Amino acid sequence: MASKQTPMMEQYQRVKDQYPDAFLFYRLGDFYEMFNEDAVKGAQLLELTLTSRSKSKDNSIPMCGVPHRAVDNYVDILIDKGYKVAICEQMEDPKTTKGMVKREVTRLVTPGTTMDLAGDAARQNNYLTALKQEQGGYNLAYADLSTGELKVTKVSNEAAAINELVNLQTREVVTEPEVSASLLDQLTKRNILRSTQGQVVNQAEVAYLSQDLTDAGQRDVVALLVSYLLTTQKRSLAHLQRAVAYQLSSFMKIDHRSKVNLELTTNLRSGKRQGTLAWLLDETKTAMGSRLLKQWLDRPLLDQAKIERRYDRVQELLDHYFERQNLQEELIKVYDLERLAGRVAYGSVNGRDLIQLKTSLEQVPKIKYILQTLDVPAFDDLEQALDPLEDVAGLIDRAIAPEPPISVTDGGVIRDGYNHQLDEYRGAMQNGKQWIADLQEQERRATGINNLKIGYNHVFGYYIEVTKANIDKLPADRYERKQTLVNAERFATPELKEKESLILGAQDKSTALEYELFVKVREAVKEQIDRLQKLAANLAALDVIQAFAKVAEDYHFVRPSLNHDHQLQIEDGRHPVVEKFMGHQEYVPNDVLMGGDTSILLITGPNMSGKSTYMRQLALTAVMAQMGCFVPAKRAQLPIFDQIFTRIGAADDLVSGESTFMVEMMEANNALQNATADSLILFDEIGRGTATYDGMALAQAIIEFVHNRVGAKTLFSTHYHELTALEGELDHLQNVHVGATEENGELVFLHKVTPGPADKSYGIHVAKLAGMPTPLLTRANQILTSLEGQETAAVPSRGVEPPAPVIEPTPAKEQTPVKEQTTPLVEESSGQLELFATAPVEKKDGKADKLARQVKNLDLMSMTPMDVMNQVYKWQQNLK
């Protein structure tokens with residue numbers, strides 16, 4: 001039978017029962033301990049030694065712990081793995097407390113509420129999101145506890161809510177206790193931690209933060225979010241800004257999968273930031289500027305006036321090189337004001353943080369002067385909005401030591417001269433030893449006792465020791481006996497008692513007074529949080545603008561011209577990231593010419609020729625333009641796109657194994673159902689995931705639907721070359737192709753997009769690039785020559801069947817109709833530009849002809865280079 005729990009373990013269990021889904025870090029002296037299941041799992045995750053509090057087999061309690069000074073490092077590890085950690089502190093001094101020390105949880109750290117962000121995480125937002133369902137959709141609120149940002153919106157359905165969660169990269173979602181099973185399933189699939197909050201707490205704070213909201217549902221979801229924060233953090237949320245409502249319809253919509261396909265923030269190959277548009281554009285000098293750039297990238301604007309305003313500012317900094325250089329030099333000295341303000345309000349700021357805050361504020365007058373020298377209207381309002389907070393900077397300068405320690409409780413934080421009493425304490429501490437030495441010499445002279453000495457012990461404190469042979473020399477009225485030894489007596493004097501009290505109490509009193517003064521300084525700064533946050537927002541915006549100006553100069557970007565008549569004219573456009581990686585190699589620019597009468601470009605050409613790059617570069621150009629950034633082109637005129645849809649597979653050298661025909665159709669359907677005439681659609685080889693006839697029929701039907709019903713600007717790449725005949729049937733479709741040529745029998749990709757369809761597939765050349773055996777390639781050429789001879793006699797004068805009945809597609813929504821046009825259904829005629837023809841050949845050699853048939857039937861144009869290499873490897877093994 002297990003023995004009864006100790007009082008301490010009973011206390012531990014009571015606290016643990018309140019936080020069953022969190023690791024409980026229970027303070028015991030200089031360590032935070034974990035027990036039972038927390039200890040077993042924590043030891044594994046944190047690589048700690050698992051021990052036992054009781055050595056009894058019948059009552060063994062697993063235990064492990066971490067030093068209190070290193071606790072943040074261990075908490076961060078658990079948070080990064082998606083867990084919660086409850087910090088249980090000692091609320092009383094064990095040295096002065098009789099019985100059990102009172103303990104309670106002072107904060108609950110979760111993936112969505114962590115404040116200690118360093119490294120790459122410092123340049124990213126950490127959003128905690130709340131979801132609350134209502135009739136007709138969801139209300140969604142999110143906050144970054146480290147910066148104080150608080151926003152709220154409304155989405156129409158669960159899919160839109162999940163898309164917004166993924167776009168926000170939220171790691172934790174707060175819901176009411178009862179939610180739909182499908183929502184829980186979606187959160188689980190995406191490794192998003194779900195937390196629950198029932199009762200709304202602190203109505204006054206909730207009311208303050210939601211006072212600008214007119215929608216009751218949005219106020220409710222903000223209340224849910226703020227209540228969770230108050231419950232878990234157990235401290236003031238004074239730095240949270242009043243909730244700002246936004247509408248997704250105010251920004252260009254790009255769903256998460258399209259963002260992934262376009263590599264806006266995450267590289268498809270590495271999963272990292274390098275090689276993305278965000279990586280290319282991020283020439284910001286501050287962490288808050290980097291976070292704002294990511295927000296602008298996530299939400300390109302639709303308001304032309306706001307976009308042009310950003311263009312004007314970029315242009316001014318682009319035109320003033322030296323001012324821009326000076327501005328960059330000052331911005332580098334600005335620390336993360338948003339998160340510094342958050343730590344001030346949160347009560348976690350230290351002396352070094354305040355020095356960083358002061359250093360940042362000292363740069364503001366210099367930045368204002370630089371903007372004043374520009375003397376242009378574009379920066380007038382921004383310059384005037386930059387508040388240097390001289391009162392705050394002055395207070396920190398007077399109060400805080402230039403190089404304070406990290407700890408605020410061990411002394412050394414307050415500057416000398418700030419407080420007279422503190423200076424006295426410090427003087428006593430620093431001069432105590434010298435004063436004792438001087439007193440000893442003074443007493444020797446006064447008494448004539450040369451071996452008189454002053455000593456100290458913990459029992460009696462400071463004392464004057466005199467040998468018994470010299471006792472008679474002491475004046476009776478000044479010396480008070482404290483201790484008698486065998487050969488000596490120890491005494492005290494009024495002066496020694498007075499100094500003893502000052503010296504012994506100086507350290508404790510100094511430390512306590514320093515902390516009291518520091519808290520007063522911190523609270524004084526806290527009162528200016530609103531001003532600090534506004535300054536941070538303005539400096540972040542200025543930082544992003546200078547970054548745009550720098551990349552515009554470095555990469556020869558130009559200011560685009562925006563229009564509302566669907567004119568898309570890009571001269572010498574480039575893919576900015578590909579161009580950067582090519583280094584000294586010359587990137588081949590391409591035009592995108594789609595007037596008001598052209599809505600679809602049908603793109604043909606061999607694999608590896610650059611079709612996907614051409615499509616992506618247009619989308620990136622549109623995103624950059626509506627961010628307020630200049631674009632990679634010689635000249636660019638663009639409409640304002642309301643949405644971008646993509647159906648583009650993974651990069652050509654990836655084999656993800658995730659792209660199924662169903663996913664392809666679902667993504668295509670998303671575009672067809674939601675696109676408008678103001679949207680941009682990129683369809684890359686639609687239909688390749690199924691049989692040839694099915695794929696071709698679907699591809700043609702999709703083209704017709706977009707042409708007749710949607711009217712969006714669309715780039716549609718295909719290997720179904722029969723579809724190029726649609727140019728003669730659909731008024732708003734134009735053929736273009738990515739060229740290639742042969743030089744000395746070698747295939748050369750031109751990477752140049754020109755009008756008209758591709759006239760040759762170069763399939764065998766691509767096979768050669770993939771490393772196929774020379775005998776195989778020779779045989780394939782023989783077969784191809786034979787088949788081309790047969791085709792010459794068999795090819796009809798047209799590649800499209802006579803007209804056949806066409807089922808009218810059901811429109812996704814009522815729009816201004818485009819003239820309805822249908823075309824005959826295409827067939828897989830002998831005129832198709834296949835990689836290898838499919839006609840039978842006479843068998844001459846069993847193994848060779850079997851291999852030739854396999855080569856002939858290989859649909860190389862729909863395969864990646866990796867697919868080809870794997871197949872060639874199998875053939876090589878069979879030939880051995």
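Backbone N, Cα and C define each Cβ position, glycine as well.
Per Swiss-Prot, the features are as follows:
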{"type": "BINDING", "residues": "G605, P606, N607, M608, S609, G610, K611, S612", "note": "ATP binding site"}
{"type": "COMPBIAS", "residues": "818-829", "note": "compositional bias 'Polar residues'"}
{"type": "REGION", "residues": "790-829", "note": "region 'Disordered'"}
Using DSSP reduced to three states, classify P606 (ATP binding site) as helix, strand or coil.
coil
Starting from the Cβ of G610 (ATP binding site), draw a 10 Å sphere and report how many other Cβ atoms land inside it.
24
For K611 (ATP binding site), which residues in the same chain are close in space, meaning a Cβ under 8 Å from its Cβ, but six or more apart along the sequence?
I603, G605, D684, S717, V738
Starting from each candidate's C-beta and looking 10 angstroms out, tell me which of the binding-site residues G605, P606 has the most other C-beta atoms.
G605
Would you find the one among the binding-site residues M608, S612 whose Cβ has the most company, meaning other Cβ atoms within 10 Å?
S612
